[in-house]
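S.K.: The following block contains the structure, expressed as structure tokens.
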């Protein structure tokens, strides 16, 4: 499963939050740990993945244990479905066991051990480790090591499940193909190496996982209602196939489909369908932006049963130090992303030639050219009104040719609308020297230039058009 972020797995400094129980919740500010890179030795024997695929060595490129799990389990499941009647009790237990094993991954392997998003008492650790073993996705240490590398090197060749290599590679390919340990990005797992329970799980994972994934569901269904075979095929094998591919969807779908409301510097996305099948891991863009937050979303209606489970566990004292990212920083991310979207939209629109790119025209030249061209001067900017049809009549427009119409345009005759100012900007052709001097705008000297968007373009908001005068000039009253 992936939990993406360019900031990668991070240790964190914490601050008490005013939200909820301060003794249980902490705000975290991630700090990327300093982890030395592996040094590549060009004289070292080539890994199989550094050698071309041939008819003689193709089998050496594959991870056969993973191949048996990924391809063998679905075939066993299909055989079981066609040869074993499904009992209602077994179906109910299989669904519950699916949720339990999924929770072992999401609340345990992922948020507890990979990201240290909260701390857990030993009973909760044992409970989650057993559920994670039932998912048969590797030991706590192995899973967390790859996941931390994924966060640190998201979307690069050092990312173990790099989605840039395609959907199928991110989904299952990275497990089918034997990984080159010299090419996978390094991650810091010293905290896991010093945890006796995690290392016990790592050393004895295969027998523990075999029991939890296959033997326990068979015994449970068999001893309670005599359905050993159904317990094995449905609560064991079929459940495991669904758990695996639900988890794999976080590596693949959650990096390809969905929204990016918090950060778009990497491929992580929020995807509701993935959240449904993974107990809340589908809010992946949030997770990659704020990886040490025990939540995968802010709002109550964002589907994240893992968050609810952790919170309830904290009420019973089984979980504590629940990390939450400062809300102010989360809101900043939202605003910045929305600004990016607006900037991309703005970049598609015609805002007229930027003032600094306009030529400088002498006032005498403006007067001379106005004899043959429909030029209008407003606030020091020359506009060529060729082809424009004035809604108030062409007579009003012609009366402004060759003149400074600043006052008339800004309330002297009519206080033109925001749309009129925007439209006028598309007709500008020069700025004048003399008269209303605005050459200074071209260099910015002595003037406060408008803010720029992320594309480097000036942001022109309502009422900030260069042709608008504040406050508008009052029209002359009739005597």
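Just so you know, glycine gets a Cβ as well, placed from its N, Cα and C.
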S.K.: Which residue of 287, 383, 390 does Swiss-Prot report at the same Fe cation 1 site as 110, 115, 147, 151?
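M.R.: As annotated by Swiss-Prot, 110, 115, 147, 151 share the Fe cation 1 site with 287, chosen from 287, 383, 390.
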S.K.: Given Swiss-Prot annotates 255, 284, 288 as Fe cation 2-binding, which of 150, 202, 416, 421 belongs to that site as well?
M.R.: 150
S.K.: What range among 20-40, 41-61, 62-82 does Swiss-Prot record as transmembrane segment?
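M.R.: Result: 62-82 is the stretch Swiss-Prot calls transmembrane segment.
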S.K.: DSSP three-state call for residue 416 (heme binding site): helix, strand or coil?
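M.R.: Note: residue 416 (heme binding site) is coil by DSSP, not helix or strand.
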S.K.: Using DSSP, tally how many residues of the topological domain 'Lumenal' (83-89) sit in helix, strand and coil.
M.R.: 3 helix, 0 strand, 4 coil
S.K.: Could you list the residues of the same chain, at least six apart in sequence, whose Cβ is under 8 A from the Cβ of residue 416 (heme binding site)?
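M.R.: Correct list: 409, 410, 424.
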S.K.: Report, as numbers and ranges, every residue of the chain located at least six residues beyond the motif 'Histidine box-3' (284-288) whose Cβ falls under 8 Å of a Cβ in that stretch; write 'none' if there are none.
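M.R.: Answer is 2-6, 151, 154, 250, 254-255, 258-263, 266, 268-271, 274, 295-298.
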S.K.: Give residue numbers and ranges for long-range contacts of the topological domain 'Lumenal' (226-229): same chain, 6 or more residues beyond its ends, CB-CB under 8 A.
M.R.: 80, 84, 87, 89-90, 218-219
S.K.: Who are the long-range neighbours of the topological domain 'Lumenal' (83-89) in its own chain, taking Cβ under 8 Å and residues 6 or more past its ends?
M.R.: 221, 224-225, 227, 229-230, 233-234
